[in-house]
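Per Swiss-Prot, these features apply:
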type: TOPO_DOM; residues: 1-54; note: topological domain 'Cytoplasmic'
type: TRANSMEM; residues: 55-75; note: transmembrane segment
type: TOPO_DOM; residues: 76-530; note: topological domain 'Lumenal'
type: BINDING; residues: 173-179, 332-340; note: 3'-phosphoadenylyl sulfate binding site
type: CARBOHYD; residues: Asn243; note: N-linked glycosylation site
type: CARBOHYD; residues: Asn457; note: N-linked glycosylation site
type: CARBOHYD; residues: Asn475; note: N-linked glycosylation site
Amino acid sequence: MSRSPQRALPPGALPRLLQAAPAAAPRALLPQWPRRPGRRWPASPLGMKVFRRKALVLCAGYALLLVLTMLNLLDYKWHKEPLQQCNPDGPLGAAAGAAGGSWGRPGPPPAGPPRAHARLDLRTPYRPPAAAVGAAPAAAAGMAGVAAPPGNGTRGTGGVGDKRQLVYVFTTWRSGSSFFGELFNQNPEVFFLYEPVWHVWQKLYPGDAVSLQGAARDMLSALYRCDLSVFQLYSPAGSGGRNLTTLGIFGAATNKVVCSSPLCPAYRKEVVGLVDDRVCKKCPPQRLARFEEECRKYRTLVIKGVRVFDVAVLAPLLRDPALDLKVIHLVRDPRAVASSRIRSRHGLIRESLQVVRSRDPRAHRMPFLEAAGHKLGAKKEGVGGPADYHALGAMEVICNSMAKTLQTALQPPDWLQGHYLVVRYEDLVGDPVKTLRRVYDFVGLLVSPEMEQFALNMTSGSGSSSKPFVVSARNATQAANAWRTALTFQQIKQVEEFCYQPMAVLGYERVNSPEEVKDLSKTLLRKPRL
């Protein structure tokens, strides 16, 4: 930085000025050079005083913010999580233990009728109080394994001390999970939630799939305790999370609980049958607190999800002694999954991008497709375009995660033994009644004639799958083999390259020629190893 030139004083002017000015003036009259950058001058007392005043104001502001935060937290705990309800040794804890051991410790029979104001911890899984099963007919029905009629605000079977049965349908996109979920959604004794982790992925977009696994598990942990306020954390910006209603939950327009009495007069939960989303969207929106009340009435709570990639992510929930969680792993031929992903590629573009971001950068790419001219930078949107490329690229991450889960299931640790069941989609559509009975037996539900007929109707329809995100009655054979005529041979070989490990475990045979693919008389299914 150049110095600006200073005008010279005439001879003899400086002594005269020094004599006429006060003692402090010489410094002021001397030529003033520009201050160098970074040079610090001694602070004046006035400046230090102003600085101290600002520091005090800032500290006071931080202290006030801390106090307001603590008050807000205490207010939340007072309304949402009463401390005396959480204490097993408190009066309500003793009442809960006497009513059947709500914290896992069976207590002695109650000496008298329970007090009306004593209620269980709302955060713990449902366990019927003694009053709910005190009647002799209800107790006899529960011991005989017959579903007792809903009453006293509870549904389903269960005796004193029984835990709520929790189920997670563990699967991936385009695996027939919407139809499989309806087998629980239509059951009058089941509270069903459809892909609630969708809210996490939408809120935290564009986070990759692997980094969102912890948040997904935390949401499931809250939902299995009927704490539906967790939806408010992941509501869209500007939508007012505290004012979120039932109709703001993903999949609510086809949820049988949301669309049925007492939340909505459009349908009845005990009547088996699909709901019309156009009718359900006209239902009055209900507060989440009201939805929580309905959740606590059901003994069986089922959540279907496609955004948990490894069963090990659920290990903390499976280890939790307060939760009785079982995992149903719904699988489908990866080639059929890939074909369905391509057909619905535009509806899954965001999810495909989030999954592809989780790929190992050192992993191989797609040699079969690249050799056939499928490039990521392709301009066209048809076959071989970028949407197809991402749809198939996501299969690498999905199949690698599936291989890890199956490896864990082949040698199950303690937390997974007796809590894991594999169901192939091909077996479901091939023999729906047998598969339904197997699934219901695993989770402790009774198969009604209405549910058997519903499963048969859904797999014997004449409709096609032109609308990939709508559940409808379809031809089972057509749905199971559609990939053999929809995919090119290069696409099939690329999927097999990604998924050969889970295919070997699950009993899906690989193909060797295009002629073998087109020969629909040859089955490519064999007995699975699980």
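Cβ coordinates are placed from backbone N, Cα and C, and glycine is handled just like the others.
Projection of Swiss-Prot feature records onto the structure.
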| residue | record | DSSP (3 states) |
| --- | --- | --- |
| Trp173 | 3'-phosphoadenylyl sulfate binding site | coil |
| Phe179 | 3'-phosphoadenylyl sulfate binding site | helix |
| Asn243 | N-linked glycosylation site | helix |
| Asp333 | 3'-phosphoadenylyl sulfate binding site | coil |
| Ser339 | 3'-phosphoadenylyl sulfate binding site | helix |
| Asn457 | N-linked glycosylation site | helix |
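Recorded residues Asp333 (3'-phosphoadenylyl sulfate binding site) and Asn457 (N-linked glycosylation site) have their alpha carbons 23 Å apart, per Cα-Cα distance. Of all Cβ atoms in the shown protein chains, 21 besides its own fall within 10 Å of the Cβ of Trp173 (3'-phosphoadenylyl sulfate binding site). You'll find the Cα of Asn457 (N-linked glycosylation site) roughly 19 Å from the Cα of Ser175 (3'-phosphoadenylyl sulfate binding site). Cα-Cα distance from Trp173 (3'-phosphoadenylyl sulfate binding site) to Asn243 (N-linked glycosylation site): 30 Å (rounded to the nearest whole number).
The Cβ neighbour count for Asp333 (3'-phosphoadenylyl sulfate binding site), using a 10 Å radius and every protein chain shown, is 25. The Cβ of Ser175 (3'-phosphoadenylyl sulfate binding site) has Val306, Leu330, Val331, Arg332, Val337, Tyr425 as same-chain neighbours under 8 Å, each 6 or more residues away in sequence.
Listed in sequence order, Trp483, Arg484, Leu487, Ile492, Val495, Glu496, Cys499, Tyr508 are the same-chain residues at least 6 apart in sequence whose CB falls under 8 Å from the CB of Arg335 (3'-phosphoadenylyl sulfate binding site).
Asn457 (N-linked glycosylation site): 14 other CB atoms within 10 A of its CB, across all protein chains. Fewest Cβ neighbours within 10 Å among the recorded positions Ser177, Asn243, Ser339: this applies to Asn243. Neighbour count (other Cβ atoms within 10 Å of the Cβ, all protein chains): 27 for Val337 (3'-phosphoadenylyl sulfate binding site).
For the pair formed by Ser339 (3'-phosphoadenylyl sulfate binding site) and Asn243 (N-linked glycosylation site), distance between Cα atoms is given as 40 Å, rounded to the nearest Å.
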